[in-house]
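According to Swiss-Prot, the features are:
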- L121, G125, H126, L127, S355, P356, F357: (6S)-5,6,7,8-tetrahydrofolate binding site (BINDING)
- K230: N6-(pyridoxal phosphate)lysine (MOD_RES)
- H229: site 'Plays an important role in substrate specificity' (SITE)
Amino acid sequence: MIFDKGNVEDFDKELWDAIHAEEERQEHHIELIASENMVSKAVMAAQGSVLTNKYAEGYPGNRYYGGTECVDIVETLAIERAKKLFGAAFANVQAHSGSQANAAAYMALIEAGDTVLGMDLAAGGHLTHGSPVNFSGKTYHFVGYSVDADTEMLNYEAILEQAKAVQPKLIVAGASAYSRSIDFEKFRAIADHVGAYLMVDMAHIAGLVAAGVHPSPVPYAHIVTSTTHKTLRGPRGGLILTNDEALAKKINSAIFPGLQGGPLEHVIAAKAVAFKEALDPAFKDYAQAIIDNTAAMAAVFAQDDRFRLISGGTDNHVFLVDVTKVIANGKLAQNLLDEVNITLNKNAIPFETLSPFKTSGIRIGCAAITSRGMGVKESQTIARLIIKALVNHDQETILEEVRQEVRQLTDAFPLYKK
């Protein structure tokens, strides 16, 4: 019987080898992709539970199937914990991803063809904030705002003038590659001035917001969307928050039946675990450590005139570096660092001149290394290793030295093999 085949290693060796190889990669590589993190074993256990067997279309207390009394408890726990964590009146935990959460928010707030003001992808926004290749750009009339050409930071006066000119129905704040704190109160004032809704996508900073080390958008935005991984350190999934009861009903309808069928209750259970972890006072220490580590790492690049730190610094978990003085483009930098077991991604910088497939910059985030227990000293060491590798990109002997130093670091801070 299928129930006898409980061991993946014995039943499907080919698949197991790939899983095991990924486990080894995570153990022995330094993870600096800003959208990635390392979840607890409790989060993984919940996601791998028998809840994966259960269909539960609808919401707690109002399902289309029977036998949902247990998953109602699970989902209610996740909802209540999310509300408490972020100080929101309403929470939807069913969105399968941040993109699904954003799609639901758009459906709740605007109609197809409406004008939306969102952060341009090249300035640090996200695909779902109006990229022409994404559903958002195809469905709605997005106009992009950028950063100041000199400071590479948001210029709220310029955004206000742009909002006056285009008269959007919705303004989207939030980013996927912006290293500075966002003033959500100013964004709400801009939205109110032109009679627009304000939606905030806090996917990247949700963990920092939950811990109180970054300003919260919840008091200001009509709707807040997020992922549950990244700095929040939960399973891959989406979350939607609001303080408006009428909008909460629209959000629920947009998710089901608008965009999705049955929710992934095993993932929702893992979200509930992650929310409980984030409610622990120790999570604030973790979030502050992310900020401290990121600032320390960024400072090393700022002190080296062969590199240019975008906007001159960072206030959160991420920063961008222009690497073109030492290597041709960000793509080559990403590939080279992969070879020495440091994982990050190429990234466009504001007012980019290279192809998006090459880019001038790299994006670096410190959530994952902080989860391993690394601190300021290790963050500075990693920055120096990156510089050492990039500057000596054609010196195999030096690159091998970097590999060995990376291995020493990862061995000193094991992930799951403790």
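Even glycines carry a Cβ here, placed using N, Cα and C.
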Sorted by position, what residues of the same chain at least six away from H126 ((6S)-5,6,7,8-tetrahydrofolate binding site) have a C-beta under 8 A from it? N102, M119, G174, A175, S176, D201, A203
Same chain, 6+ residues apart, C-beta under 8 Å of the C-beta of G125 ((6S)-5,6,7,8-tetrahydrofolate binding site), given in sequence order: G118, M119, G144, V172, G174, A175, S176
Work through the recorded positions one by one (K230, F357) and point out the residue whose CB has the fewest other CB atoms within 10 angstroms. F357
Check the DSSP secondary structure of H126 ((6S)-5,6,7,8-tetrahydrofolate binding site), expressed as helix, strand or coil. coil
Listed in sequence order, the residues of the same chain lying six or more positions from L127 ((6S)-5,6,7,8-tetrahydrofolate binding site) whose CB sits under 8 Å from its CB are S99, L121, V133, N134, S136
With DSSP assignments reduced to helix, strand and coil, which class does H229 (site 'Plays an important role in substrate specificity') get? coil
Set of same-chain residues at least 6 away whose C-beta sits under 8 angstroms from H229 (site 'Plays an important role in substrate specificity'): S35, E36, N37, V39, P235, R236, G237
